[in-house]
Amino acid sequence: MRIILITGISGSGKSVGLKALEDAGYFCVDNLPPTLLRALVTERLEEHGTTLAVSMDVRSASSLIGLPADLAWLRSQGHDVKVLFLTAKTDSLIARFSETRRSHPLSHRGFASDSTAERRTLTECIHEEREMLAGIEEIGHVIDTSGMRANKLRAWIKGLVESDHSPLTILFESFAFKFGVPLDADLVFDVRTLPNPHYDEALRPLTGRDAPVQDFLQTQPDATALLADIRGFVEKWLPAFKNDNRGYLTVAIGCTGGQHRSVYIVEQLAQYFRPTEHVLVRHRELD
C-alpha cells in the first residue's frame, strides 16, 4: 500500500495538502491519532485499499513519540511510506492565522487585548510547536510553504505524488536571499556574484525564464562556469543521496531578488537533469 503521512506546523497547509491527495485518489483521514495508524492500515488492507493518506498535528504530540517505530514496522511489511512535513516562516504563519481568525491549537488561554501581546503569544505557541515536532521533522520531507498560495501547494503535492515511482525526486528551487533561505533546502547555492540583469532597464521587468535574460547570462563566462560547478557538484553527490534512501533532494539557488539569476540557473539545472531524473521546479518569489 502507498501511505502518505502529512504533518507539520499549524497553519502551514496540512488541510490543503490532504485535500490534494484526496483529489489524487487517496483515501484520506484527517487528524488521526498516531496510535490508530496500524489499525487503520490493517482495515484498509481488508478492504483491498491501495492508497492511504493521513494527517496528524500537534494535538497528538504525546503519541507521536512512537511514530518512527510504527513507520518502520509498516515499511517492514512492504508498504511504501512517505512523510511530508509542512512548515513555514513564523511571519507567514502569523499572517495566515490573522487572515483566518483561527486560534493556534496550543493557545490554552486567551490573547491579551493589545495587538503586540497577541502577536507575542502566537509567536510563543509557534515556537513551542516547533520544539514539540522537531523529532518528526527530522524523519520527513520538509516542504516550506512560506509565501506559497494554496493552488501552488496543491500542484506541488500532486507533483510529489506523481514522483512516487521514482527513487529520488530533485526539487530545484529559486529564492531571494532578502526573504530568507527556504526552510526545506538540502543544498544551498549563492549566485549573487553573477552579473545582475536587474541593472539593464530592458531586462528588469523580465525573469530568468525569458529568452532575453537567458541570452544575457549565457554570454557571461562567470555564469557558465558557476552553472557547470553547481551541476557537477549535484551530479557527483547524487548517487550518495540515492544510497541514503532519500525520497527527495531540495537544491535551492539564491540571488538578491529571486527574479533573474537564480531563476535562470534553476531552469538550466532542471533542463539538464530532467532526461534522467524526476525533477520538480519551484520559483518561490515568482509563484
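Each residue, glycine too, has its Cβ placed from N, Cα and C.
Taken straight from Swiss-Prot:
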| type | residues | note |
| --- | --- | --- |
| BINDING | GLY8, ILE9, SER10, GLY11, SER12, GLY13, LYS14, SER15 | ATP binding site |
| BINDING | ASP57, VAL58, ARG59, SER60 | GTP binding site |
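Inclusion criterion for the binding-site residues VAL58, ARG59, SER60: a C-alpha placed within 10 angstroms of the C-alpha of ILE9 (ATP binding site); this criterion is met by VAL58. Listed in chain order, the residues near the ATP site other than GLY8, ILE9, SER10, GLY11, SER12, GLY13, LYS14, SER15 are ASP57, LEU86, THR87, ALA88, THR145, each with its Cβ within 8 Å of the site Cβ centroid.
Spatially close to SER10 (ATP binding site) yet at least six residues away along the chain are ASP57, VAL58, LEU93, HIS104, PRO105, LEU106, ILE126, GLU129, judged by Cβ distances under 8 angstroms. Counting every protein chain shown, 20 other Cβ atoms lie within 10 Å of the Cβ of ASP57 (GTP binding site). With respect to their backbone Cα atoms, GLY13 (ATP binding site) and ARG59 (GTP binding site) stand 16 Å from each other. Reported as a whole number, the C-alpha separation between GLY11 (ATP binding site) and SER60 (GTP binding site) equals 16 Å. Comparing local CB density within 10 A for the binding-site residues LYS14, ARG59, the maximum falls on LYS14. Secondary structure at VAL58 (GTP binding site), as computed by DSSP, is helix. Within 10 Å of the C-beta atom of VAL58 (GTP binding site) sit 21 other C-beta atoms, taking all shown protein chains into account. Ranking the binding-site residues SER12, SER15, SER60 by C-beta neighbours within 10 Å puts SER12 at the top. Note on GLY8 (ATP binding site): other Cβ atoms within 10 Å of its Cβ, all shown chains, come to 28.
In the three-state DSSP scheme, GLY11 (ATP binding site) falls into the coil class. Ranking the binding-site residues GLY8, SER12, LYS14, SER15 by Cα distance from SER60 (GTP binding site) puts GLY8 first.
Between the alpha carbons (Cα) of SER15 (ATP binding site) and ARG59 (GTP binding site) lies a span of roughly 15 Å.
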